Amino acid sequence: MPRGGNRGVKFGVVRFPGTCDEVDAYLAASRVGDAEILWHADADLKGVDAVIVPGGFSYGDHLRVGAVARFAPVMAEVETFAADGGLVLGICNGFQVLCEAGLLPGALLPNTSLKFTCRQVDLEVVNASTSWTNVTAVGDVLSIPAKHTTGRYYAPDATLDELEANGQVVLKYAPGHNFNGSVRDIAGVSNAAGNVVGLMPHPEHAVDPLTGSADGLKLFASAAAVPA
Amino acid sequence: MSRHRELGLTDYEYDLIVEKMGREPNEVELAVFSLMWSEHCGYKHSRPLLKTLPTEGPRLVMGPGENAGAVDVGNGLSCAFKVESHNHPSAVEPFQGAATGVGGILRDIFAIGARPIAILDSLRFGEVGESARSRYLLEHAVAGIGHYGNSIGIATVGGEIYFEGPYETNCLVNAMAVGLIETDELIKSAAAGVGNVVVLFGARTGRDGIGGASVLASAELDVDMEKRPTVQIGDPFEEKKLLECSLELLDRKLLVALQDLGAAGLTSSSAEMAAKGEVGLDLHVRRVPLREQDMEAFEIMISESQERMLCVVEPERVQEVLDVCAKWEVNATAIGEVTDTRRLRVFDGDELVGDLPVEALVDECPTYELEPAEPATPIYPVPPRLLDSEDPAEILLALLGSANLASRTPVFEQYDALVGSRTVRRPEQADAAVLLLPDPKHDDRLTALSPSKDDDGPKPAIAVSIDGNGRRVAADPYRGAVEAVLECSANLACVGAEPLGLTNCLNFGNPEKPHIAWQFSRAIAGLGDACRAFGIPVVGGNVSLYNEGSEGPIYPTPVVGLVGELPDARRSGRLAFQNAGDVIAIVSADSWAPSNAASELSKLRGEAVEGPLPAVDLGELKALHAAIRQAVRAGSLSSAHDVAEGGVAVALAESAIHSGLGATVGRLDDLFGEGPGAFIVTGPADAITAFGAAATVIGEVGGDALIIEGAISLPVADLERAFSGGLADLLH
């Protein structure tokens, strides 16, 4: 497992008012490369190689989860960056934002319990060739915490069939671990090119065995392993 | 009724105000006095007793009197912490009551410059199995705590919940917050510098929470009264911005003083800042940004709208302060100046509408001597008999499935316990939460208070726990309060942590009644003696009195929160068995004398709540806790768990349930008795020998059943089913 030091990859972590997990994402990314914070009001990605849209409650999520954040000046840059093949990871609220922005297919609905749930879950790697999973293998099981109220992945059946056919379903909840009611146990998806990935569980909280698991580090290491 | 009585002031107090003012107070002045001289702000029935608590300790950095206390946790860092009640608002409107309880205690932490890193809570409701109202209060209070803590991104890492009849009308919602700060960056709340500017920043001021401190917090709860307008409404998004904004203002060294607006709003925050700094303040209420434009001057002064802070700034730095606030989209307005008058003067436009002596408001609130008298007859009703069986296996299953002992997972799962990436022991993994400390003096401002990403070398950490058992205090106020400290310290010992400081929230009934005064004074004596014996300073806390309604008082419920340190989180203890073949031992004090008095079993059997509780030798227990702590720190034990509610049998069952491993144990003298001074530990045989005579080997880990010779033989799966279903089934 690569760790520490500068491997030449620079991660940018977006911070909106209400973002909660940006320092965790920053710390996780800086285990495999450099990291810096990107301010929501700046239309500037500061030349980073990969962008992380982290978890939290952007703008308070007062309207609909992620719905306001997609209009932030920094997100226009992220959209252009993604279209040019730049590496983008959306975690939890970040996943919701990327879906709202149309960078990822589908939508996130309230958990079937309608309650916030914080739980360590097992995820199965379905596609190990995206920019954010390339150091894993298909069938690997990652132990990563999830914590959200609105994380039930949804897309129409036709879209789901297409996503599965294209390998865009990247991560699934292992049997018995889908607590939020996501369709087809989907925990994370990618865009067609595989450079943009979003997932509800929090890999940035699983980078040290001392706090539960280091499996999440593999996502950051994957991005660091992508040739510039 | 005269106006001052409506506001909760006695005739005597009103006369005293007239004397100190040299004239009759006007409406604004009377409103301000009524709040500052309420029990909530003035501590008029509790101050003399609180002064008996020990507040000195070698690691103390900030003691009682500031927004939060703080202790030195090494490497130039301090840990700030405090617990506070939000009982009456939660009984009236549980979601907002609990949410704003969390918001308020978090502001106390960042008001001294510390970054909040953890929340714990201590909750009491009526019998949730029988009462739809209690289920409603529980579900909404838990949702409120989660809503606030999760949304602001601060981990809720621990807590406790008990269900007892006397909390039916008057639930308890106590929230504790913990923060970190570099010790030399601590900021105080004393206003200073005549001519400096007073800036109010944060949310706009509305009519929410008007009179909360006096009408709601300092009187008995009458549920028929329409008190909902006195409950504040919280917005964690506003507070998240306020938190980051405040910490950036402090980081840029732009502030002379900082204070949060809590109970009594602008009134108490400004008066306390002025009193501490021995200065005066002129405030201009028409400059305060309002939610409703027609608010009167007194309403602006006493509004308890949430998510607001007050700071003092040098005139030439005001623009920089406003710029930082603008960056975070936080309202900021200069509303006054520091003066040398030692008076709080309130201006409505050009008109002087209030002119108050600061010392009289803050320091000269009258205090009252309590008149304690032990009640001649029992105060509390006998609980209904729920269990007839004498079969130990049936008793164990009944205890594990009881609302008070069953798994808290359905509650804890609604809280984010992980944000911050420092949580080494989550709820139900150990008896206390363990949180990593940051690297000393990190250059990167963003990560200055973040856990180290260096995977090698020791990982210093803190452990936190919150405890209190009202039924035991009701049975024996002195020993019950002693037990609260012992329980908290035992929890810390089980993860390997040494206590550094204690905070408390003292929840009692109406202290003007002699039997409540007796409970209160005996409990404080117990807390003080236990803290002195263990060398733990009380760094601050909160008093919540008048917790009673028409059906009588709550159980007297002192809740204590402890912060301790451990040198290496890699060796944090766990409560689950780890390895088949490990030896199981009881490590106990000579004075350990478990009994059924006020135990969970006595409750299931419908026995009266009465003492005396077992006597304890505090010196011996201090040594016992140290022995457990040292063994955990040495890494020689596989698990450590203190014997608490439900006695030895429940402690063994919990260690089995959380591991899935069973155990075979020999004959035990006492299965379900309770009393401080015993631990269940497991490990290799030589690790147990190190305890000498204090340890008694009782069995071995292994198999898939819990077998206690001559008493119990139950598959762990059955124990797990009773335990996990106990509370979950009641809630659905």
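A Cβ is built for glycine as well, from the same backbone N, Cα and C atoms used for every other residue.
Within its own chain, the domain 'Phosphoribosylformylglycinamidine synthase linker' (B:2-44) is flanked in space by residues 50, 211, 213-215, 217-219, 263-264, 267-268, 271, 297-298, 301-302, 344, 346, 353-357, 360-362, 364-368, 543, 545-546, which lie at least six positions past its ends and keep a Cβ under 8 Å from the stretch. The annotation domain 'Phosphoribosylformylglycinamidine synthase linker' is assigned in TrEMBL to B:2-44.
Taken from TrEMBL, the feature active site applies to B:His40. B:His40 (active site): 27 other CB atoms within 10 A of its CB, across all protein chains.
The feature ATP binding site is assigned by TrEMBL to B:Tyr43, B:Lys82, B:Asn504, B:Gly541. Sequence-distant contacts of B:Gly541 (ATP binding site), defined as residues of its own chain at least six apart whose C-beta falls under 8 angstroms from its C-beta, comprise B:Pro64, B:Lys82, B:Val83, B:Glu84, B:Thr503, B:Asn504, B:Cys505, B:Leu506. Secondary structure at B:Gly541 (ATP binding site), taken from DSSP and collapsed to helix, strand or coil, is strand.
The annotation domain 'PurM-like N-terminal' is assigned in TrEMBL to B:65-181 (among others).
Per TrEMBL, the feature Mg(2+) 1 binding site maps to B:Glu84, B:Asn542.
Annotation note: B:Ser85 (substrate binding site) sits in a strand segment as assigned by DSSP. The annotation substrate binding site is assigned in TrEMBL to B:Ser85, B:His86, B:Asn87, B:His88, B:Arg107, B:Gln232, B:Glu304, B:Ser305, B:Gln306, B:Ser544.
What TrEMBL records for B:His86 is active site, proton acceptor. Under 8 Å, Cβ to Cβ, and six or more positions away along its own chain, B:His86 (active site, proton acceptor) finds B:Gly97, B:Ala98, B:Thr100, B:Gly101, B:Gly104, B:Val173, B:Asn174, B:Ala175.
Cβ neighbour count for B:Asp108 (Mg(2+) 2 binding site): 26 (other Cβ atoms within 10 Å of its Cβ, all protein chains included). If you look up TrEMBL, you'll see B:Asp108, B:Asp260 marked as Mg(2+) 2 binding site.
The domain 'PurM-like C-terminal' annotation in TrEMBL covers B:194-347.
Residues or ranges marked as domain 'PurM-like N-terminal' by TrEMBL: B:458-564 (among others). Taking the domain 'PurM-like N-terminal' (B:458-564) as a whole, pLDDT averages 97 in the prediction.
Ranking the recorded positions B:His40, B:Asn87, B:Asp108, B:Asp260, B:Gln306 by the distance of their Cα atoms from the Cα of B:Asn542 (Mg(2+) 1 binding site) places B:His40 first.
Under the three-state DSSP scheme, B:Asn504 (ATP binding site) falls in the strand class. Secondary structure at B:Gln306 (substrate binding site), taken from DSSP and collapsed to helix, strand or coil, is coil. Every protein chain considered, the tally of other Cβ atoms within 10 Å of the Cβ of B:Glu84 (Mg(2+) 1 binding site) stands at 24. Largest Cα to Cα distance within the recorded ATP binders B:Tyr43, B:Lys82, B:Asn504, B:Gly541: about 17 Å as a whole number. Taking the mean position of the Cβ atoms of B:Tyr43, B:Lys82, B:Asn504, B:Gly541 as the ATP site, the remaining same-chain residues with a Cβ inside 8 Å of that point are B:Leu50, B:Pro64, B:Val83, B:Glu84, B:Thr503, B:Cys505, B:Leu506, B:Val538, B:Gly540, B:Asn542, B:Val543. When the C-alpha distances from B:Ser85 (substrate binding site) to the recorded positions B:His40, B:Tyr43, B:Asp108 are tabulated, the minimum falls on B:His40. Taken residue by residue with DSSP, B:Asp260 (Mg(2+) 2 binding site) is part of a strand.
The recorded positions recorded for this entry are B:His40, B:Tyr43, B:Asp108, B:Asp260, and the Cα of B:His40 lies nearest to that of B:Asn87 (substrate binding site). Candidate binding-site residues: B:Asp260, B:Glu304. Fewest other C-beta atoms within 10 angstroms, B:Asp260. Using a 10 Å Cβ-Cβ cutoff, B:Tyr43 (ATP binding site) registers 17 neighbours.
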